[in-house]
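Annotation source TrEMBL lists repeat 'ANK' at 38-70, 96-128, 135-167, 168-200.
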Amino acid sequence: MFMNLENEFLESVKSGNAIRIKTLVESDPRLIQTRDENGVSSLMLAIYHGRREVVDLLLQFQSEPDLFESIALGKLKRVQDLIQGDPEQVNAVSPDGFSPLGLAAFFGHPKVAAYLVKKGADVNAASKNPMRVCPLHSALAQRQPEVSLAITEMLVAHGADVNVRQAAGWTPLHQAAIHGQINLAKLLLDHGADVNAKAENGKTPLELAAAGKHNVMAALLRERGALS
């Protein structure tokens, strides 16, 4: 019976059904501790799914968020307190395989990311899951251009490999090209990104830019030596 309630609770979290969540937790407070099959907390699931109302509700029911939740929420002071209490956690791995720095980059929190780097976070640590993403990949996945650029600049300045590959062989330049992120592409190219890098399917950044009709991006890549 409790397992069925857990499943209903997690589905309500992912779908953003705050009213049902409140009813379930009030009937059985243990549900707030429910994790999915990967060990991801209900709060983290709400964050991943962009359910702000659910996030706020869950924070009312539980104690302080853990390190990974705090990073995803951009709670710098909480992150500082946790890292100061256990410095080795700066390179810990979340239940679903992501590094603290990778999460800070993905969720777009430059101050948190900078703090983690200052405390020794590995700027080239790949996620321990099939995605194999590094913090640089996560920064480029951030959809706020100015935030993405700020975090990318910081990571590159601290030694991030601009040609690092994630699953399927994609480099950061592949990501910038397919989304038409000109300023990010320029930054990567200025720091040695391989303009003709091929993914596992043979696609180059130029081919991805052309397929997405990012003509300005394609022109930039050709200017920097991309082969047609």
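Backbone N, Cα and C define each Cβ position, glycine as well.
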When the repeat 'ANK' (135-167) is classified with DSSP, how many of its residues are helical, how many are strand and how many are coil?
21 helix, 0 strand, 12 coil
Residues sitting near the repeat 'ANK' (96-128): Cβ under 8 Å, six or more positions beyond its termini, same chain?
38-40, 47, 67-68, 71-76, 79-80, 83, 87, 89-90, 134-136, 138-139, 141-142, 144, 147-148, 150-151, 154-155, 158-161, 164, 166
Predicted model, mean pLDDT over the repeat 'ANK' (168-200):
98
What counts of helix, strand and coil residues does DSSP assign across the repeat 'ANK' (168-200)?
18 helix, 0 strand, 15 coil
